[in-house]
Amino acid sequence: MQLGLSVSDSDVSSFTPLVVLELADDTKAEAITWLLNRIRDKQKNGGAELLVDQLLFPAQDGQKSNPNVFVVGSTLQRLLKGAEDVGLFKEFQDGIMRGFTYANRESFKDFYGDGEGFLSDAECQYIIKHELDTLRAKNEEHVPGYPKVKLYPGKSVVRRLQSKGVLVQYFPLHNKEDLKRLSFSWYKKIKLSFQPLDDIRHYFGEGLALYFGFLEYFTFALVPMALIGIPYYLFDWEDYDKYVLFAVFNLVWSTVFLEVWKRCSATFAYGWGTLSRKKAFEEPRAGFHGALGFNPITGREEPVYPSSKRQLRIYLVSVPFVLLCLYLSFYVMMVYFDMENWAISVYNENPNFGTGILLFVPSIIYAVVIEIMNLLYRYAFNFVNCFASLFYIAFVMQDMVLLRQSLATLLITSQILNQVMEAFLPYWLQRRRNKKVHKRMRRVMGDKELPLLEQVQLETEMNTYLGTFDDYLEQFLLFGYVSLFSCVYPLAAVLVVLNNITEVYSDAFKMCHVFKRPFSEPAANIGVWQLAFETMSIIAVVTNCALIGLSSQVKAYFPESETQMILIVVAIEVTYSPCCGNRKVFTNLKSKWL
């Protein structure tokens, strides 16, 4: 079945395709007609007032292609009005960032003629996504053709279709020319320079640009620690107790690092027009369900899940699962210590090159297990998995030799695994996938050029980028390794700098060629990760003070009274944390978690 106009390479002048929308291949005809009409309908009638056409792919290898793939675009006037609806900030003629209004459009800097080029591709695609997401049901009781897919006035149509599998995916198209220019300036030239953050923001949006800005800032901030750590490591390798000065440096660095980043983040946000921008209320996630109720915050009807059922799920499902995962984490840690003791006993009985290598095997196995458990747990227990054994070695066993060895092995092994899983494997898989699609399309269509069809076919099969959570999580764990225990292994900062340099290039390549292009996400800061890093810095203060208290140099000042030494260390911790601006973090933690 063919609906509307089909967009082929000879017929793309009607509009520029910006977003691809794919429905299930067995979607009912009446549902498709209803959805397309709602997308095309005027705003005053409750529609999105967008342009949408069908893409027709040729049959491949005797199999019929999905006929329900559409491209969505918009007129320039509609995009400019949409820019006002979503609250975009643009630079005014006087140089001040102001909320864009269609009525005053000619008073904004860089607005010439009809406004062609005033909005970036990322902004245009974000506007289209906003219009699709806010396309709401009117008086329909269900999706046409699907009596069981219920609707109610005000329900997001796109979210409902997603949750029921009718809408498979929708994503923004890459702009091949812009992508080529960005790739060349970003990662194709190996050079020691700053990243083109403005270009990244222009193409991918503020959320991703802030991540790469943070990654760059974190890497440069580690350079002083790395430069100090190399000679410290070389000259004090055999003396494991001479780490007090480096621990003091850690205390100062971990706090100054975050305070300076706040200023950098605010500078970025102001220049990009997101500092004062109010975030629109988000739709309930596609899988959320419940009885229709009134939301006093947004002022509209939304599904409401009963609080009693939520509490039951927390205490009967979530809490037991958390306790089970914690038990498994500590159990694996104790198995690791048993393996470590066994390796040490073998080495003591017969010290040689082979048994010397054996000393590192338990740590390597434990590092691999940690990575596997992090994948299984996904988010919740990465801190416990990665740092529990290090805290145990440092403060229960008080073995600084083993702590240094474990930290080095964990860092090196995890970075090797991350580079393989995040860079080499996705690159290899994407090259294979691209070759298959190219062969398939050329076999079907011969030498005829099909840039749009081929591009859509390629991008439809690309992996979906799930957001910056995993990227920030990796940097959070690396920050923990450096700020918590690098005083006993000064090369930790060097390893993290090397990792982050390769991370910039591998992440840039993945964003440009492995993942589908993500929708722009306006952001004024790194969000909850700022609180997470500040919390880690507080833990770093406590940890480094405790390590200072355990050093033989400090113990020498209190040969007969460990109690007095402990009280002094605790007093330093209590005094230092508020003085470094961390009192606000305690307040935030209290408001979020208590």
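Just so it is clear, glycine is given a Cβ too, placed from its N, Cα and C backbone atoms.
What TrEMBL lists as transmembrane segment is 208-231 (among others).
Positions annotated as transmembrane segment by TrEMBL: 243-261 (among others).
Positions annotated as transmembrane segment by TrEMBL: 314-337 (among others).
According to TrEMBL, the feature transmembrane segment maps to 357-376 (among others). Residues 328-329, 332-333, 336, 339-340, 342-344, 346-347, 382, 385-386, 389, 405-406, 409-410, 413-414, 417-418 of the same chain sit 6 or more residues outside the transmembrane segment (357-376) yet have a Cβ under 8 Å from a Cβ within it.
Annotated domain 'Anoctamin transmembrane' per TrEMBL: 379-575, in sequence order.
Summarising the annotation, TrEMBL assigns transmembrane segment to 383-401 (among others).
Residues annotated as transmembrane segment in TrEMBL: 407-429 (among others).
The feature transmembrane segment is assigned by TrEMBL to 476-498 (among others).
According to TrEMBL, the transmembrane segment annotation covers 528-550 (among others).
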Long-range neighbours of the transmembrane segment (407-429), counting only residues six or more past its ends (CB under 8 A):
360, 363-364, 366-368, 370-371, 386, 390, 463, 474, 481, 485-486, 488-489, 491-492, 495-496, 499, 502, 506-507, 509-510, 513-514
Under 8 Å for C-beta pairs, could you tell me which stretch among 208-231, 383-401, 528-550 has the largest tally with the transmembrane segment (243-261)?
528-550
